[in-house]
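Novice: Structure incoming, see below.
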Amino acid sequence: MKYAASGLLSVALNSLLLLGSNQRFATQDVAPVWRGIAFGQSTDVNFATNVLPEKVGVNDVTINGKKLTVNDKADLSAPITIESRGGKIANTHDGLTFFYTQLPANVNFTLQSDVTVEQFGPESDAKPNAQEGAGLLVRDILGVPRQEPLKEGYEEFPAASNMVMNAIMTQDKKSKTEVKMQLISRNGVTQPWGNTNAEITRTSYQEKINLEQTPTFRLKLERTNDGFITAYAPKGSDQWVSKTVKGADLVTHQDKDHYYVGFFASRNAKITISNASLTTSPANTKPSAPFKAETTAPLLQVASSSLSTSDTYPVQARVNYNGTVEVFQNGKSLGKPQRVRAGDDFSLTTRLTQQKSDFKLVYIPSEGEDKTAKETSFSVEKITLADARNLYVSPEGKAGNDGSKNAPLDIKTAINALPGGGTLWLMDGDYSATVIPVSATQRKGMKTLMPVGKKAVFHGLQLNASYWKVKGIEITEKSFRIEGSHNQIERLLAHHCDNTGIQVSSSDNVGRPLWASHNLILNSESHSNQHPSKKDADGFAVKMRVGEGNVIRGAFSHDNVDDGFDLFNKIEDGPNGAVMIENSISLNNTSNGFKLGGEGQPVAHQVKNSIAIGNHMDGFSDNFNPGALQVSNNIALDNVRFNFIFRPSPYYGYEKQGIFKNNVSLRTQPGKYDDAVVGRLDASNYFIRIIERSTVRVRKSRRRITNPSRCQRSSAGMKKAACNWVIFCRRSNRHKTQRHRNRYPSTPA
């Protein structure tokens, strides 16, 4: 074909312009436009966890000293600096700062550059926690740009996508200067806010990169017809180390016509991109097999003890799918298979006719994808003890003793030997980290663990069993974790643990029917817990796969390095069961007082008659839970950021959100933020609006408020005198000072 002179000139000029830049395009006449954006959870300008005060809100793309807005256009001709002091790389969603361009679905690409890691991990003395990262990224959709300036009381919700990352990640959470390269891919996302059953894979392919010695290296991300390639090479070298993942159409699920590729940083990282180039070519994408979410495998949990002091023995088990269970004793069937429902306790009573008996359980699921038989075997030994229903235990106890006060058992033997309705008496002393295995005895009453003296201290305790009462013990160094159900925890003190003090959670492989449910934590205290990352060490937590009916009542959480009470919920798990917190206090924790959810999952938690004082972030927070929360008769005093923050749902109107009654917000000194509450409110609530910016009349009557003294403790850890916070707040409630109802305009009174 012949071209007119003007056409030839145009082609020549365009070619020169393209050759003069670092971008080459085989399928497009016009070079893509590059832009900067920050989006997703924890990218808002108020996010401050492990962030230096002067860096709060920094999630910026900078070129030649200019910070890009979402409307600015750029290219790859100059170095690009990306700094993120918020966001996270989560299993089902991301919060990050992204320098990107949009490409059509019918092209492949190769993106590569030199990357200099200016800083990685928190700039404070905290350690990395594997939610920070930086590198190259391709994803099928963008999140909504974060609000700038931020509307008070609003924070960014999760932004989910299918994606592939060539990611710089912490090597081991111990060092800020040693990182590794990972290929991270996510598939199965069908909604922009995330969904259950999405899948993430993380594959390390270059380990132990020392940033002090080699802060600059080369990275590459490539889309081919059948997948993606991530690669790393030393600076100035073509000695690439690479990793491949199948599925080139992974990034065209939510948007069939386009995808987005570029450079990112998340949580706590700063990188500079230089010598960047993007090359595209026509794609002949090979269709992938439809994504199929991995289902929970059938699980048979033996809930019977390995020791028995009686000839009568209950064979017990739990399963996570409906089915049948058949029991064999010493090779002989004890009857035809019995039906069992997922989550229910299976029990069959037999007699032990010899000193040692062998059992086999055969479980055949009647639902789910895998209906093949599952077998498990165990043995039971008969033993003789002084009084099986009252077993004494000592740190120096021995398995061969009779369990009397003068001949105490060791803790492991006593746990296995204790029958339903019995009590395990703990002598004073320090007990090493202990596991109470799965058990389900209930017909003869609950089992009890309690001290006979004044100070029984466990250096970690894992309660996998159900129907236990745990009273009056102390936990330190390692957490008290509860994975069983129908347990009662009373008058327990947890302190100086390296993670959350007292936590109800479930393993990720058991399935919803076996999630921890109907546990009661009563009149307990948790304080001074601290994880090495300076995060994640809550006082109390009921989070990460919990069922219905868990209750915290009369708890005191203070001076923990994260939240006082944490009900966090991951998208990939689906909504947790509703939790009730009542008559509890959260004081001086480094994050929130009461964190009532997470990641946009709607759950109708309840918090009643509780107090949040001096927490370093928010007093009462929905933490992105848009569900029908019930928040009543609570007091928030002098929390650093918001006393109350309950955000507008991005999914539906206020009428489906929380119910708020008789809540009171107080400050002894002016705060920075108004309370921000969206939901169903009435005139019984008193929330703060800063007077200088308010046109609403404030009550004229005033009364001076004096903070009470801190609780004092003896060397034994017990309170010398009762705390007077509750009395203080009750008095303050009678003299509501500089308070009034505050609501979003769309929320009715």
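Cβ from N, Cα, C; glycine included.
Per Swiss-Prot, signal peptide is recorded for 1-26, and the stated evidence type is experimental evidence. The Ca(2+) binding site annotation in Swiss-Prot covers D538, D562, D563, D566. Taken from Swiss-Prot, the feature active site, proton acceptor covers K595, and the record attributes it to similarity to another entry.
Distances, neighbours, how buried they are, the whole picture for these features please.
Specialist: Taken residue by residue with DSSP, D563 (Ca(2+) binding site) is part of neither helix nor strand, so it is coil. A 10 Å cutoff on Cβ-Cβ distances gives D563 (Ca(2+) binding site) a total of 31 other Cβ atoms nearby, all chains included.
Within its own chain, K595 (active site, proton acceptor) has D563, F565, D566, L567, F568, D618, S621, N623 as residues 6 or more apart in sequence whose C-beta sits under 8 angstroms from its own. In the three-state DSSP scheme, K595 (active site, proton acceptor) is classed as strand.
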Novice: Out of D538, D562, D566, which has the highest number of nearby Cβ atoms, where nearby means within 10 Å of its Cβ, if these are the binding-site residues?
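Specialist: Result for the most crowded candidate: D538.
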Novice: Looking only at DSSP and grouping its letters into three states, which state does D538 (Ca(2+) binding site) belong to?
Specialist: coil
Novice: For the recorded Ca(2+) site, whose residues are D538, D562, D563, D566, find every other residue on that chain with a C-beta no more than 8 angstroms from the centre of their C-beta atoms, and list them by sequence position.
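Specialist: Surrounding the site, in chain order, are T500, D536, A537, G539, F540, A541, N560, G564, F565, F568, N589, S591, N592, K595.
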